[in-house]
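Feature list (source: Swiss-Prot):
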- Lys9, Thr168, Asp169, Thr210, Gly211, Gly212, Met213, Leu214, Thr215, Lys216: ATP binding site (BINDING)
- Ser49, Asp136, Asn148: substrate binding site (BINDING)
- 275-355: domain 'PUA' (DOMAIN)
Amino acid sequence: MKYKRIVFKVGTSSLTNEDGSLSRSKVKDITQQLAMLHEAGHELILVSSGAIAAGFGALGFKKRPTKIADKQASAAVGQGLLLEEYTTNLLLRQIVSAQILLTQDDFVDKRRYKNAHQALSVLLNRGAIPIINENDSVVIDELKVGDNDTLSAQVAAMVQADLLVFLTDVDGLYTGNPNSDPRAKRLERIETINREIIDMAGGAGSSNGTGGMLTKIKAATIATESGVPVYICSSLKSDSMIEAAEETEDGSYFVAQEKGLRTQKQWLAFYAQSQGSIWVDKGAAEALSQHGKSLLLSGIVEAEGVFSYGDIVTVFDKESGKSLGKGRVQFGASALEDILRSQKAKGVLIYRDDWISITPEIQLLFTEF
């Protein structure tokens with residue numbers, strides 16, 4: 001079995017009728033495929049949209065609401081109804097499901113990140129299928145992941161999945177918009193996510209985007225940098241999930257980095273919030289970015305910001321101004337200032353295990369999304 005642990009992301013369009021309401025037949029089809037994969041020995045996580053679609057009708061709305069409060073209320077009702085559909089269908093095959101609602105704070109806060117990771121690990125080891133969504137009924141903008149594509153990538157990275165599958169209304173990434181460009185071709189294998197790939201997906205200055213593809217490329221960057229390959233394929237075929245797991249479905253495959261980021265490094269790269277800035281000399285910059293060394297106090301040129309022991313700071317090359325990465329400091333700002341002023345700077349500010357270098361792909365993620 002090539003892909004034992006798989007995260008599937010199913011969007012609203014794959015779960016709803018033409019009027020925007022929840023399609024029970026589509027939910028049933030998804031759960032049947034999950035059951036077959038589960039019985040074959042796969043460990044599965046489903047990141048599912050559809051809470052608003054499941055709930056707005058029950059509250060008397062004639063169509064999907066647009067006001068935030070109405071959508072949150074619909075999600076509050078619909079999340080339970082959606083989970084009931086999944087649970088009922090899975091229990092018919094003696095499979096236990098579990099609901100987990102997450103916000104961005106569950107990834108940013110180191111303790112909550114660890115707790116979520118542990119809970120998911122127990123569920124998977126016990127044979128349950130976690131069904132995950134963002135906590136749309138209460139989340140505010142500051143704590144939003146923003147979309148379930150990104151959420152699914154964050155979850156896949158957290159649990160070190162073997163594959164992340166996006167089921168969408170487009171069967172992969174195309175060189176152009178296949179709906180309007182007859183010359184558009186599907187890319188079957190993407191080795192590196194770069195500016196060209198972002199433009200194909202609908203980046204700035206491009207009109208090629210289809211199927212919310214840009215957010216999927218953002219998500220694919222998080223996943224592949226964390227060592228998780230990504231598959232984008234159509235949800236329109238009846239056995240699309242099974243075929244994706246077996247790599248027989250038509251789609252676009254994004255290759256994972258050989259040395260994917262460990263959980264601690266993922267947190268540093270994607271979620272840890274910087275409390276200050278450090279500028280280093282050329283020697284320290286090379287030691288960090290090229291040789292994987294710790295950051296010595298002797299290589300520090302300048303420090304800025306209010307930070308304490310154990311906080312995260314961003315490190316820059318003083319000569320080029322380039323951001324090198326982020327790390328956890330062994331001294332607070334005041335203590336560091338005293339050390340630098342004394343000109344007796346000996347010791348380590350950031351150990352290599354508490355450091356993450358910013359690769360071109362990760363830098364692109366920060367600047368383009």
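Each residue's number is its place along the chain shown, starting with 1.
Just so it is clear, glycine is given a Cβ too, placed from its N, Cα and C backbone atoms.
Bear in mind that the values here come from a model prediction, so they are computed numbers and not experimental data.
What Swiss-Prot annotates, mapped onto the structure for a quick look.
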residue	record	Cβ neighbours (10 Å)
Lys9	ATP binding site	29
Ser49	substrate binding site	24
Asn148	substrate binding site	25
Asp169	ATP binding site	13
Met213	ATP binding site	27
Thr215	ATP binding site	20
Helix, strand and coil totals (DSSP H, G, I; E, B; other) for the domain 'PUA' (275-355): 24 helix, 29 strand, 28 coil
Alpha-carbon distance [Thr215 (ATP binding site); Asn148 (substrate binding site)] in Å: 9
Binding-site residues clustered about Ser49 (substrate binding site) [Cα within 10 Å; pool: Lys9, Asp169, Met213, Thr215]: Lys9
DSSP-derived class (H/G/I helix, E/B strand, else coil) of Ser49 (substrate binding site): coil
